[in-house]
Amino acid sequence: GSAFCGETCVLGTCYTPDCSCTALVCLKN
């Protein structure tokens, strides 16, 4: 959805479910 997941990401990897890496942070889909 674009809400911040509370996680930064490196190499495009997010560990929070249903989140994707965007501009070095994880956003909910």
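A Cβ is built for glycine as well, from the same backbone N, Cα and C atoms used for every other residue.
Swiss-Prot names the disulfide partner of Cys21 among Cys9, Cys19 as Cys9. The disulfide bond recorded by Swiss-Prot for Cys5 reaches one of Cys14, Cys19; that cysteine is Cys19. Its Cβ placed at the centre, Cys26 (disulfide bond) has 22 other Cβ atoms within 10 Å. Taking a C-beta cut-off of under 8 Å and a sequence gap of six or more, Cys21 (disulfide bond) has these contacts in its own chain: Cys9, Gly12, Thr13, Cys14.
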